[in-house]
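> So TrEMBL lists the following for this protein:
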ACT_SITE  65  active site, phosphoserine intermediate
BINDING   65, 275, 277, 279  Mg(2+) binding site
BINDING   369, 370, 371, 497, 498, 499, 500, 501, 506  substrate binding site
DOMAIN    52-90  domain 'Alpha-D-phosphohexomutase alpha/beta/alpha'
DOMAIN    117-171  domain 'Alpha-D-phosphohexomutase alpha/beta/alpha'
DOMAIN    177-282  domain 'Phosphoacetylglucosamine mutase AMG1'
DOMAIN    296-435  domain 'Phosphoacetylglucosamine mutase AMG1'
Ligand code: G16
């Protein structure tokens, strides 16, 4: 077949480094950018096969998101804008590591009974990393080697590319597959929502955004004119000076529990940070004593689900609302959601693909990881009921207002995946409508003090977990040790899991005081180091 000859010819230009093994992990392939050229070419091939297989447009986003600038990676996007199906993740790993590329390629074609004469379309996007241009070219080479058509969106955020894929495959029903279409849809919905905030002052329209020195900063600038001054963004860490994700961005702020560098915080004002590809967001402020307060994904999920539940009640719509979290969710947030809010709470494995899947079971589901990665899903039936109600001429004013707010909420949200820009607009709209300050939002419940640490081990797959990653099944003795350490502290909880995006093991601990959370996290880190083959220096106490 001429296509295979072309693949063979082109693959010589994208050689696989000997001895390198890659895994399609939590959010795709990710490692040092030096090692990725062959994998990018091959993922271009795979995206083309997936497009032929689904008879739809597929997306390939070149990014390593929160990782340091020298890393890169790729996320594959399925037809409805969701993360690629798990069965195909396995093919991605096989293909990336194949020594005999054509055999693996032919094997996938046979197993999936792919019609090679079917047309293929692939959308490609990239973040601002210096390696991204070269690597996205390798993806485009892969697509053309199998005679696929590609559209290069160039610099876009990850959620923007997810959005484009869904728009394309739903023939405009979701929106227009252009950046202008994306900004118009989200900003118009935001403006409609904030029209309901009659007492909104000019001060409440101000928000400071840390762009992580990445693509999010460029895109916020691009969006500004669409906001018609209804939100006035002061942008810092915009990429003009600092390094991507270095001492800034959502991951830094969440893990370090401190503000990013690059600006001075004014007490009481609202700030938020995006991550490197703008699919995560966290909020924060300092109080008059200079104390830093973080509003992470759990606080965001609480704000969004409360708002939606209230509106659904006002609209008289009996729809099931759920919140999907992960093991990292602060114990206080889960307690508040279950006992005060009385919403259904589910725990999924880390990775938005798992949360997204769990959320699809409900009429309305807010899914968020503590790290700020999340969105809201409405089932088709729920959307239909809301739209019907909004158009019903025989309902009272309260119901009408609630139905219209819900309709605009659907439009401000990017339902394909967590989206820092869309989440920011929704959060700002909720605060405006409820007339709520960031301090009032923060006071809804008090987080249990917590700490996250990383441990370097020889092979992180030595740790295996179960129960949505809340318990370790290997190495032997790991879980018993964690249990006995947890028992030493009050209101304590801890777990360990291998990261799917970095070559480390993650440790999470929470307890009644920060000292206890820090001590527990350190003791569990030591246990990981000793039982799972730690490398380098033993973890040191935090204080
Ligand atoms: C990715 C995933 C997230 C996940 C994070 C950390 O985020 O999309 O769902 O929480 O990695 O994963 P891990 O703990 O396995 O390293 P991003 O923003 O880097 O794409």
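Just so it is clear, glycine is given a Cβ too, placed from its N, Cα and C backbone atoms.
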> Would you mind splitting the domain 'Alpha-D-phosphohexomutase alpha/beta/alpha' (117-171) into helix, strand and coil residue counts from DSSP?
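With helix first, then strand, then coil, the domain 'Alpha-D-phosphohexomutase alpha/beta/alpha' (117-171) has 26 helix, 13 strand, 16 coil.
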> Would you mind sorting out which of 275, 279, 369, 371, 498, 506 (the binding-site residues) have a C-alpha within 10 A of the one on the residue listed as 'active site, phosphoserine intermediate'?
275, 279
> Out of 65, 275, 498, which recorded positions have CB atoms lying under 6 Å from ligand 1?
65, 275
> CA-CA, which of the binding-site residues 369, 371, 498, 500, 506 lies nearest residue 275 (Mg(2+) binding site)?
371
> Out of the binding-site residues 369, 371, 498, 500, 506, give me the one sitting nearest to residue 277 (Mg(2+) binding site) by CA distance.
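Out of the listed candidates, the nearest Cα belongs to 371.
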> Give the residue from the binding-site residues 498, 500 that has the most other Cβ atoms within 10 Å of its Cβ, counting over every protein chain displayed.
498
> How does the model score the domain 'Alpha-D-phosphohexomutase alpha/beta/alpha' (52-90) in terms of mean pLDDT?
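Reported value for the domain 'Alpha-D-phosphohexomutase alpha/beta/alpha' (52-90) is a mean pLDDT of 96.
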> CB neighbours of residue 277 (Mg(2+) binding site) within 10 A?
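I get 34 for this one.
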> Can you break down the domain 'Phosphoacetylglucosamine mutase AMG1' (296-435) into helix, strand and coil residue counts using DSSP?
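The breakdown for the domain 'Phosphoacetylglucosamine mutase AMG1' (296-435) reads 81 helix, 19 strand, 40 coil.
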> Cβ distance under 8 Å to residue 506 (substrate binding site), same chain, sequence separation 6 or more: which residues?
452, 453, 454, 496, 497, 498, 499
> Would you pick out, from the recorded positions 65, 371, the residue whose Cβ has the largest number of other Cβ atoms within 10 Å?
65
> Just checking, which of 275, 279, 369 (binding-site residues) has the fewest C-beta atoms within 10 Å of its C-beta?
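Among the binding-site residues 275, 279, 369, the lowest count of other Cβ atoms within 10 Å belongs to 369.
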